[in-house]
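Remarks on the structure that follows.
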Amino acid sequence: MEVFYYMVFGGLGLIVAALELSKNNKDRISTSQSFTSFKNNYLLVYSLMMAGDWLQGPYVYYLYTTYGYGKGDIGQLFIAGFGSSMLFGTIVGSLADKQGRKRACVTYCITYILSCMTKHSPQYKVLLLGRILGGVATSLLFSSFESWLVAEHNKRGFEQQWLSLTFSKAIFLGNGLVAIISGLFGNFLVDSVSLGPVAPFDAAACFLAIGMAIILSSWGENYGDPSDNKDLLSQFKAAAVAIASDEKIALLGAIQSLFEGSMYTFVFLWTPALSPNDEEIPHGFIFATFMLASMLGSSFAARLMARSSPRVESYMQIVFLVSAASLLLPILTNFFVIAPPPSEVKGGGISLGCSIQLLGFCVFESCVGIFWPSIMKMRSQYIPEEARSTIMNFFRIPLNIFVCIVLYNVNAFPITIMFGMCSIFLFVASVLQRRLLVITDKPKSEDWTSLKERDVETEPLNDD
């Protein structure tokens, strides 16, 4: 493997270590012992849940190819997963507000374990069922755990600022360190021990089962608004009203969909971008490098959120602009860096243009590391508790539609067009973030909470 990869990985590792070791009192939040115990319990569970997810990711496509399926069939399986997340996942995830967030987290574990079990069958219908179950599980992963955490944090009377500490640590561990270790462990199971491509899915099921046992034994239950006896349709209507009546919630949903849509598109594009002529690149090592860059971003976000200034709404404008610029690099290198003839690089090492792109992609992944804890903090501030899971799953509907469209048309456009589209989306996200900053600086207007309070006050009058 080329020295360049080790240099990038080592450089990022040194920066992350320096950031973590150089934290002073201004960068740390003073908390209580009870909160530390609560935070560590959540981080353990979240890390196990993310290990169950990360172990599967690198081997899903590979497993399908070993069963003899072609690109078209595999594409349909992936579309089924995202479509399931949009349709069934939205319904199941929304039930968490009414049936309980802890119960939804346990449902995530059971659903994903069943999805892992389907990977033992080469039958297409069984694999399709596994993708549908996986789509439901994904919706629960990205809504129920955060909803439970925010509600439980507030119920226990912890300070609001401490929540950002849990968010940043969860991303640092779950989306960084755990991802790297999961990738290495999966590689050990498949290549070193030669247990086959199904082994990582079995290991994922074990981690999920351990996490479920901890949830069942140590977590309390919490709900959205226990005073509301709403059916599912009424919940959807209430969530839609909340988004339509409060511009902050609507902007937050649009920003999230634009950024995550670009992020998931990047997942499909980075491999062909770095090896356009079938150059030999170490996919696993590059993935670990990206996760290290994400850890760098989450470590930096922890410093920012520990201080009163700058506000999240302010610095995220810059993060979106930087991420937009980083995904323009494939277009710029295509025009300004002279690429060697394909016959000279086919099967060889990474080219100069692709080396520049790799550095840009690491910058983008650092922005991803900043994005996750920051968007979590903004969601905890602006999304009403009584409909938190429902609204968060509503946010994922346009995201899943977008990803399905991209998957269906991934070969229809040149890769530079796809990166340009993502860059435009990220620029629009920066503009919307600016708008969010402006309206949050204004005196409180009539938002979703005040509208609901007004409705409650006028209800007796309507009865008369």
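The backbone N, Cα and C atoms fix where each Cβ goes, glycine too.
Automatic prediction, not curation, is the source of TrEMBL annotations.
Note that the structure is predicted; figures quoted are calculated from it, not measured.
For the transmembrane segment (6-22), same-chain residues at least 6 beyond its ends with a Cβ under 8 Å from one of its own Cβ atoms are 285, 288-289, 292-293, 295-296, 299-300, 303, 358-359, 362. Feature annotation from TrEMBL assigns transmembrane segment to 6-22 (among others).
Summarising the annotation, TrEMBL assigns transmembrane segment to 43-62 (among others).
Feature annotation from TrEMBL assigns transmembrane segment to 74-96 (among others).
According to TrEMBL, the feature transmembrane segment maps to 126-150 (among others).
Annotation comment: TrEMBL describes 170-189 (among others) as transmembrane segment.
A Cβ distance under 8 Å defines the sequence-distant neighbours of the transmembrane segment (201-220), meaning residues of its chain 6+ beyond its ends; these are 41, 44-45, 48-49, 51-53, 55-56, 59, 63, 102, 105-106, 109-110, 112-113, 116-117, 119, 148, 152, 185-186, 189. Taken from TrEMBL, the feature transmembrane segment applies to 201-220 (among others).
Per TrEMBL, transmembrane segment is recorded for 285-306 (among others).
When Cβ-Cβ distances below 8 Å are used as the criterion, the transmembrane segment (318-338) is approached by residues 255, 259, 262, 266, 273, 352-354, 356-357, 360-361, 363-364, 367-368, 370-371, 374, 415-416, 419-420, 422-424, 426-427, 429-430, 433 of the same chain, each at least six residues removed from its ends. The transmembrane segment feature in TrEMBL is assigned to 318-338 (among others).
TrEMBL lists 350-372 (among others) with the feature transmembrane segment.
Per TrEMBL, transmembrane segment is recorded for 393-409 (among others).
Residues or ranges marked as transmembrane segment by TrEMBL: 415-432 (among others).
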Cβ-based contact of the transmembrane segment (170-189) with the transmembrane segment (43-62), 3 or more pairs under 8 Å: yes
Proximity of the transmembrane segment (126-150) to the transmembrane segment (43-62), 3+ C-beta pairs under 8 angstroms: yes
